[in-house]
Amino acid sequence: MMVAEKPALGFQQAHAEGEDELELASPAGSPAPPPRKMHSLDFEHIGSLAAVAESLAPGSRWRRALTSVRVVIFQAKINVLLPFGPLAIMLHYLSGTHQGWVFLFSLIGITPLAERLGYATEQLACYTGPTVGGLLNATFGNATEMIISIYALKNGMIRVVQQSLLGSILSNMLLVLGCAFFAGGLVHSNRDQVFNKASAVVNSGLLLMAVLGLMFPAVLHFTHSEAQYGKSEVTLSRFSSCIMLVAYASYLFFQLKSHRSMYSPIGDEEEATEEEEDENEITQWEAICWLFILTIWISILSGYLVDAIQGASESLNLPVAFISVILLPIVGNAAEHASAIMFAMKNKLDITLGVAIGSSTQISMFVIPFCVVIGWMMGQEMDLNFQLFETATLFITVLVVAFMLQEGTSNYFKGLMLILCYLIVAASFFVHVDPDASKYIVYCFVRCMRANWIKIDGLVEMQELNHLD
């Protein structure tokens, strides 16, 4: 018995000596890592490798694709409006006289696509951070307006381009930002929400610079002080557009490279961002693929929408200015609208400002000058003369929003004031007559009168000749 117990005692002694060696090798006061933790880490490592191997399998790819389709297409209730897009295309080819219905169906069909575009951008923003995420949201949110503008510019509808882009700026600054402040203020009614004041001031300065670029061609036109009538206005617009594009590129470098710390989230918003990092429903590449697919489908519907604007104005008895400034931007800004409200309710005011004010800055400093340059390449005389009424509306809107943002706080009352301001702007454009349209009517009237007077003069001369004979 004694001999049989010696090996066991020897094994215990060796095990104890090994533990002593581990304790001596570890720093003083720090316990040695238990063996069970090492085993659990090994199992976790093996489990992660198994998950990667399973994700690379062909069957899992199909399952992942079906899950992505279910999340993007079937999960959102607004996607019940998707069939209106194909219906608009069918109605366009089956009946060419119902342009009002084609316009309405195209408008309704683009709405869920714009909202899903915002959702895919939001998912992509989860992988890039709040600053780049807000920039991506503004960029792809403006894809609808840019596509509609290029189609309209190709058809020579310069006033539709000008008014739709102006309406996008007004809608983002008043309606989208107002609804976001109002919804966020109701959810967080016990205190004011705080956002980064420095970044808001920079965006306000850029918007004032955009107003400066739009104001001088209009003033040059209405004071009749052009050096070369009809040419100086377009030349000044093209030069100013190039300057504005350089300014926007400098702003991107300032925002993303040299002063990134200025655009970092502050306070509770940073904590909320860290807590909600695991809300990704689709992967990064899936988000990129959906952005590509949705942009193509929006571009197709935009062509039918632009072609039906004039017919819709006549059949629905609505001014083209009201359709271009109010209706088109509301649909085009559906992505920004949904994203800005959602981020405001989650107390992410910096991303909300990046979507709403950042989108307005991008349209005024990039999309409008870009359309002027594209029109220059197409041979279209697109300029920055947005007429006096539209330019004054933009100037007053920028001043109102700049005063709202100067304190760096928001509440539901500020949002309500911005919404009410937008209703006043919408009513103004409903009763507004586009000066270009009125000039065209007067021009046609004068031509008809001249033709009638030529006929009358000809008849008088014939009667005088017959009388002499």
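Keep in mind that glycine also has a Cβ here, set from the backbone N, Cα and C atoms.
Record features, source TrEMBL:
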type	residues	note
TRANSMEM	71-94	transmembrane segment
DOMAIN	101-256	domain 'Sodium/calcium exchanger membrane region'
TRANSMEM	165-188	transmembrane segment
TRANSMEM	200-223	transmembrane segment
TRANSMEM	235-254	transmembrane segment
TRANSMEM	287-306	transmembrane segment
DOMAIN	288-429	domain 'Sodium/calcium exchanger membrane region'
TRANSMEM	318-344	transmembrane segment
TRANSMEM	351-378	transmembrane segment
TRANSMEM	384-405	transmembrane segment
TRANSMEM	412-433	transmembrane segment
Distal contacts, the transmembrane segment (200-223) - CB-CB under 8 A, six or more residues away: 173, 232-233, 236-237, 240-241, 243-244, 247-248, 251, 254, 353, 357-358, 360-361, 364-365, 368-369, 383-388, 391, 394-395, 398, 401-402, 405-406, 408
Tertiary contacts of the transmembrane segment (165-188) (same chain, 6+ residues out, Cβ under 8 Å): 142, 145, 149, 207, 324-326, 328-330, 332-333, 336-337, 340-341, 343-345, 347, 349, 352-353, 355-357, 359-360, 363-364, 367-368, 371, 386, 390, 393-394, 397-398, 400-401, 410-419, 421-422, 425
Helix, strand and coil totals (DSSP H, G, I; E, B; other) for the domain 'Sodium/calcium exchanger membrane region' (288-429): 118 helix, 2 strand, 22 coil
Winner by Cβ pairs under 8 Å against the transmembrane segment (235-254), considering only 71-94, 287-306, 384-405: 384-405
Most Cβ pairs under 8 Å with the transmembrane segment (412-433), selected from 71-94, 351-378, 384-405: 384-405
Intrachain residues whose Cβ lies under 8 Å of the transmembrane segment (384-405), provided they are six or more past its termini: 162-163, 166, 169-170, 173-174, 177, 197, 200-201, 204, 207-208, 211, 213-218, 220-222, 233, 236-237, 240-241, 325, 353, 357, 368, 372, 414, 417-418, 421, 425, 428, 432, 434-436
Folded-back contacts onto the transmembrane segment (351-378), same chain, C-beta under 8 angstroms, at least six residues removed: 125, 130-131, 133-135, 137-139, 141-142, 145-146, 149-150, 153-154, 158, 161, 165, 168-169, 172-173, 176-177, 180, 184, 195-196, 199-200, 203-204, 206-207, 209-211, 213-214, 237-238, 240-242, 244-245, 247-248, 251, 263, 333, 336, 339-340, 343-344, 384, 401, 405
